[in-house]
Amino acid sequence: MVMFTLRRFLQLIPVFFGATLLVYFLVFATPGDPIAALSGGKPMAPAVEAALRAQYNLDQPFWIQYGLYLKNLVTLNLGQTFSGQDVSAVIGRAYPVTARLAIMALSIEAIFGVLFGVIAGLRKGKLFDGTVLVASLVVIAVPTFVLGFVLQLVVGVQLGWARPTVSGAAPWNELLLPAIVLGLVSLAYVIRLTRASISENMNADYVRTATAKGLSRTRVVVVHILRNSLIPVVTFLGADLGALMGGAIVTEGIFNVPGIGNLLYKAILKGESATVVAVVGILVIVFVVANLVVDLLYAWLDPRIRYV
Amino acid sequence: MSEKLTPETDLTKPVTPVSRQGKTSSRVIEHFVAPLEETPLAAIDNVDETAAPLSLWADAWRNLRRQPLFIISALLIVLVLVVAFVPHLFASVDPTSCTLNDSSEGARAGHPFGFTLQGCDVYSRMIYGTRASLLVGVLTTLGVLVVGGTMGALAGYYGGWIDTVLARLADIFFALPLILGAIVMMQLPAFRDNRSVWTVVITLVIFGWPQIARITRGAVIENRNADFVTASKALGLSRFNALVRHVIPNSLAPIIVVASISLGTFIVAEATLSFLGIGLPDTVMSWGNDIAAAQPQVRNNPGVLLWPAAALSVTVLSFIMLGDALRDALDPKARKR
């Protein structure tokens, strides 16, 4: 298993370089001169401009820029934004917010998704099952931003149950509404996956054996059926965690959450290559690590799966 | 040979308790035997062997015709297609002739959904917006099928270094979220200056192909060593021809299912990009653009946002339902007997 983990981390290397190179190039190719924008479009003293260009390596060709960026990365220096802040500090401020949001959304998905999925799967064809299925389809079909606006309007403005937008510190309770919006779509997928998996496993031989041994219904469902049905669900949740940790550009925009998604969106529009590439790099690492954790969870859920 | 060959005993009844020798227990033990799932030999003998066996597709079609989910979604998709091709049959008001006098007015005769901030008819814009949204969805799905399908089929069939390279390439694009990649792409000068349906389609294809590639790769791997492939090669078919003529047609089922579902998600992606202001240009009428334009007024006049959103959702929903129904029909193992 150690070898497996090591190999997965080795596989991370080409993906990391490929993704950062791709994004670095895309941002490089984006028009607009960030240095000229610093002076608000007015002409700048040539010496100052040259110094600024040299400071951000903008006077170098693309490959040297990317190489210098990588060189700094090795020493964990993520560079500076064009307004002079350390990128690591900017990310350090935004990341906890996104992490809180992601944890809340993921908990909502996991708890309610598995719960509803199990109930629907056990009562396949009944009223609850049908309702949940139709509701989940509708949620999947409605775009996130429409869902966000409607919930913001109804819960935040008309009913006044929650603040429509999140304040600067982004405490847990204010993040609840955006977390629900963020979690709803994946919640629908989790419900459908769990339901399909449960109803498939319900007729398996080992379930009949467990029932025949005289185990209680709860134990059969929770220990035997659920554990064997969780693999596809865990796969999905892992991929989703990677996506959530990358920040949700749309949801964070609607609720004004000062997280990674917001940061990324603004950085792309401003051509802040250092910030964009740093965020994408983190995103790739989180994505790969989340998938690795999922793979390791498989072995725990199903002891037949071994990694060598 | 038409006599019944199944056992005469009724197996659902408990077998009479047997007193077992050598046991002193006085407990009566009941033995239950599960009913045998057996087809009587006569039934097998009666099968007409000269009739051609049903192909997977004919079988799926027979199954689909009886599914309400499929019928509803297919009817909805046909309706959406008709609206996209001939919108003037459904709306008599010109969606581009707007008068500011009507700004944010409510519904009235001839204008069932009211007016936008610019005084345009919401219903008519919803009808005319169908074409662009659907076009993006269909073209992107076709593009993704061509790119992802080819990549996945080659990687799965030939394996080796092609597989490794393509898998890593797919990983890179997989790690970048669709929306993020699209935002960066659409900033490029070539894309920003020529914004149209095509730029949106190209962007979505570039960041959307890995999913289909994965599905295709898996399906091709499942089939590449099947007996019919070995047989076709033994009959002298080249390796590549075997892939094109036998492996791919037999791997199509899961690809079609995923393609149908992703068609819906691409329509949503277009709307999201338009919502962020980087999708279709303002001159193109689409649901996404209308939703984006309605967003600032959502607290005063939510209908302007909700109607195009509803049209979008129903369309996406019907494609997802179609995919669901197809999945059930094309997977005989999952089907209930």
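Glycine is no exception: its Cβ is also placed from the backbone N, Cα and C atoms.
Annotation source TrEMBL lists transmembrane segment at A:12-30 (among others).
Annotation source TrEMBL lists domain 'ABC transmembrane type-1' at A:95-298.
Through the fold, the transmembrane segment (A:101-120) approaches residues 128-129, 132-133, 170, 172, 175-176, 178-180, 182-183, 186-187, 189-195, 197-198, 221, 226, 230, 233, 237, 240-241, 244-245, 248, 252, 257, 259 of its own chain, all at least 6 residues removed from its boundaries and within a Cβ separation under 8 Å. TrEMBL lists A:101-120 (among others) with the feature transmembrane segment.
Only residues 6 or more beyond the boundaries of the transmembrane segment (A:132-155), in the same chain, are considered here, and those with a CB under 8 A from a CB of the stretch are 116, 119-120, 161-162, 164-165, 177-178, 180-182, 184-185, 187-189, 191-192, 195, 248, 250-251, 254-255. Per TrEMBL, transmembrane segment is recorded for A:132-155 (among others).
What TrEMBL lists as transmembrane segment is A:175-193 (among others).
Feature annotation from TrEMBL assigns transmembrane segment to A:233-255 (among others). Sequence-distant contacts of the transmembrane segment (A:233-255) (same chain, six or more residues past either end, CB-CB distance under 8 Å): 94, 98-99, 101-102, 105-106, 109-110, 113-114, 117, 144-145, 148-149, 152, 164-166, 177-178, 181-182, 186, 189-190, 193-194, 197, 261-265, 279, 283, 286-288, 290-291, 293-294, 297-298, 301.
With a cut-off of 8 Å between Cβ atoms, the residues of this chain six or more beyond the transmembrane segment (A:275-301) that come close are 1, 4-5, 8-9, 11-12, 15-16, 19-20, 23-24, 27, 69, 73, 78-79, 81, 87-88, 90-91, 95, 227-228, 230-231, 234-235, 237-239, 241-243, 245-247, 260, 263-264, 267-268, 307. Taken from TrEMBL, the feature transmembrane segment applies to A:275-301 (among others).
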